[in-house]
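Take a look at the structure below.
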């Protein structure tokens, strides 16, 4: 009889603990906690900051102008600019790499992005001219709400410092 009573009380305790943890996992996140998990990106400000760091000369040739203006090519062109930035300006002289990466969160994805050719960059001067032209035509970007990547514990080193998550 004593054995059955102690087994029942153990089962009752385990059941109560299970219910308690289950309810805790289902609890809604308060507004204060949501703020820690999200941030806003003012996309038009990022574009203006990039434009301000680039020299004045605009793109003179019209051969790539239409593809740089085309809204369907926005994301694939941005990817090409991020990729080319590391090649033509590895020291990031204009300090625009992180802003280019942040803009990924501002542009919608499309199913055929990988099939599109994107912009062709020859050298640093070509990169600056085309990037400025491209940025000037990103005039309709809005502020977006993005999720923050998990913060590393104090004293730990984050392995992906250069990446930006949306």
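Just so you know, glycine gets a Cβ as well, placed from its N, Cα and C.
According to Swiss-Prot:
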type	residues	note
SIGNAL	1-26	signal peptide
CARBOHYD	42	N-linked glycosylation site
DISULFID	43-106	disulfide bond
DISULFID	105-166	disulfide bond
CARBOHYD	112	N-linked glycosylation site
REGION	145-166	region 'Disordered'
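Residue 106 (disulfide bond) sits 18 Å from residue 112 (N-linked glycosylation site), taking the Cα positions as reference.
For the recorded site, residue 112 (N-linked glycosylation site), the DSSP three-state label reads coil. A count of other CB atoms within 10 A of each Cβ picks out 42 as the most crowded of the glycosylation sites 42, 112. All protein chains considered, the CB of residue 43 (disulfide bond) has 19 other CB atoms within 10 Å. Minimal Cβ crowding within 10 Å, among the disulfide-bonded residues 105, 106, is found at 105. Across the structure, residue 105 (disulfide bond) and residue 43 (disulfide bond) place their CA atoms 9 angstrom apart. Between the C-alpha atoms of residue 112 (N-linked glycosylation site) and residue 43 (disulfide bond), the distance comes to 23 Å.
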